[in-house]
Amino acid sequence: MTNIRKTHPLIKIINHSFIDLPAPSNISTWWNFGSLLGLCLAIQILTGLFLAMHYTSDTMTAFSSVTHICRDVNYGWLIRYMHANGASMFFICLFLHVGRGLYYGSYSYFETWNIGVILLFMVMATAFMGYVLPWGQMSFWGATVITNLLSAIPYIGTTLVEWIWGGFSVDKATLTRFFAFHFIXPFIITALVMVHLLFLHETGSNNPSGLISDSDKIPFHPYYTIKDILGVLLLIMALMTLVLFSPDLLGDPDNYTPANPLSTPPHIKPEWYFLFAYAILRSIPNKLGGVLALVFSILILMLFPLLHLAKQRSMMFRPLSQCMFWMLVADLFTLTWIGGQPVEYPFIIIGQLASILYFVIILLILPIVSLIENKLLKW
């Protein structure tokens, strides 16, 4: 009798995706982040579901309901902090996953890559809406500042912002719809993840060398299942260490003050994972210009397949490109730091230089360096 694993219509799909999947024999730990992102998404959906059972999306009671979850609900504090810090772990894994894709040239699978970029946008939008829900000072003012950016769109901007707000300011209608969107979006993300995997399995995984590995494949199970379990254990350990020892490390103290439309916090800033984009937004004195730079700072990822001029796929054997890649990483760290600083000298000029450098490295330096390497290697 043939194994049900290979014949059953549903189990067959799982088998071809996670068990009998041919995988390159040399993929490193950098290939673990896909499964870790899946775990993060599962944790976020589960903890979010339990939070939604006790949360109320009304301006009068939202802040109190979060306090109630932390004080009165059984293990509510644990669920709440796992959800808040789970978002941070999600973004750490996302940035490492994207960085891996850039370093090893995984963007040449452009359907997989483009869906990945759309996923990044979706996760960022979902995280932003989630940050508004506790209805603290930073929730309210963050929502006001970021939604207000849409007013920079010519002609329809103001109407669009008021339409999103559901009134003339961020209020009850805004909070209610943000809760609705924050709830639905992770399920849309899950569907997109399946499409992401579908396209990935059309081509098979890339590997550190960037060479075709069809001649040397191994089954995903047990080799990479056991490897993924190690990653999962490390991720859970890191998350729980954060949650149980310093749950507020990455949060903003201002968000423990209930939202007050009459008092603006001295420094409005988003969560750490948006600071690099926030720094780029702030570094341009023009409102529309800033918004465009903000959008293009992420959208630029879609250009990587077009900007790839090297004859080799991976950066593994391209030391000059490696230098420029790590310079880009250092630049992103600089932008993240600047995004959390007040708008004053010398932070303004550092932010502007780092923002220019970000686009120059991607659009100009990396392609030119690739061409130089082609010449040096006589390709």
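Glycine too: its Cβ is placed from the backbone N, Cα and C atoms.
The feature heme b b562 binding site is assigned by Swiss-Prot to H83, H182. Taken from Swiss-Prot, the feature heme b b566 binding site applies to H97, H196. Positions annotated as ubiquinone binding site by Swiss-Prot: H201. Positions annotated as transmembrane segment by Swiss-Prot, on the basis of similarity to another entry: 33-53, 77-98, 113-133, 178-198, 226-246, 288-308, 320-340, 347-367.
Using the rule of three or more Cβ pairs under 8 Å, pairs at least 6 apart in sequence, the transmembrane segment (77-98) is in contact with the transmembrane segment (226-246). In the shown protein chains, 14 other C-beta atoms lie within 10 A of the C-beta of the residue listed as 'ubiquinone binding site'. Around the Cβ of H196 (heme b b566 binding site), a 10 Å sphere holds 21 further Cβ atoms from the protein chains shown. Away from its own ends, the transmembrane segment (226-246) comes close to residues 29, 32-33, 35-36, 39-40, 43, 78, 81-82, 85-86, 88-89, 93 of its chain (Cβ-Cβ under 8 Å, at least six residues beyond either end).
A Cα-Cα distance of 24 Å separates H196 (heme b b566 binding site) from H83 (heme b b562 binding site).
Nonlocal intrachain contacts for the transmembrane segment (33-53), taken as residues 6+ away from its ends with a CB within less than 8 angstroms of a stretch CB, comprise 69, 79-80, 82-83, 86-87, 89-90, 93-94, 96-97, 100, 130, 182-183, 186-187, 189-190, 193, 228, 231-232, 235-236, 239. Counted over residue pairs 6 or more apart, the CB atoms of the transmembrane segment (347-367) and the transmembrane segment (113-133) come under 8 Å in fewer than three pairs, which marks the two as apart. Long-range Cβ neighbours of H83 (heme b b562 binding site) (same chain, at least 6 residues apart, Cβ-Cβ under 8 Å): Q44, T47, G48, L51.
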